[in-house]
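Participant: Okay, these came from Swiss-Prot:
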| type | residues | note |
| --- | --- | --- |
| BINDING | ARG74, SER75, GLY76, ASN87, LEU91, ILE92, ASP93 | substrate binding site |
Amino acid sequence: MSAAVKPLQIKILDPRLGTVWPLPTYATEASAGLDLRAALDAPMTLVPGDAELLSTGIAIHLVDPSLCAVVLPRSGLGHRHGIVLGNGTGLIDSDYQGPLLVSVWNRGREAFTIEPGDRIAQLVVLPIVRVVLQVVDTFVESGRGAGGFGHTGVR
């Protein structure tokens, strides 16, 4: 069974995409995210604690207002090298049409060099549900109630 396919409009802002480097693509048949590349002119070294805003070389438009996109880190970069997103997760609204930028942050202990064309993040398109706020005085009781951080334990 194949997943539903929706269009994602992109503008190529860096002519190396689609020629020198592939366009954003899914790495495997079951990948949830499209790999995004660093559209750099030269290698860039991030020393520990540094954050930089990188171009992906594309602009996107989701078109469908029932969708959003999130920019997520690549697990290997974070685990092996300490390279994560500077803003945690990037949220892209369906009506955004500007350049797709990625904030990368070196939270590791060693300098890390990003080469032009390196895969630096992934883009996942998700359905959204818009809500209408209902102001209430009390909530209907749930099994958890107001139990917060650590409430359910670790075992």
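The backbone N, Cα and C atoms fix where each Cβ goes, and this holds for glycine too.
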Participant: Please list residues from the chain of ASN87 (substrate binding site) whose Cβ is under 8 angstroms from its Cβ, counting only those at least six apart in sequence.
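Facilitator: Residues satisfying the criterion: SER103.
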Participant: Over all shown protein chains, what is the count of other CB atoms within 10 A of the CB belonging to ILE92 (substrate binding site)?
Facilitator: 18
Participant: Enumerate same-chain residues with a sequence separation of six or more from SER75 (substrate binding site) and a Cβ-Cβ distance below 8 A; give 'none' if the list is empty.
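Facilitator: Result: none.
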Participant: Across all the protein chains here, work out how many other Cβ atoms are within 10 Å of the Cβ of ASP93 (substrate binding site).
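Facilitator: I get 12 for this one.
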Participant: Let me know the most crowded of the binding-site residues, choosing from ARG74, GLY76, LEU91 and counting other Cβ atoms within 10 Å.
Facilitator: ARG74
Participant: So the record assigns ARG74, SER75, GLY76, ASN87, LEU91, ILE92, ASP93 to substrate. If I measure every Cα pair among those residues, what is the longest distance in angstrom, as a whole number?
Facilitator: 27
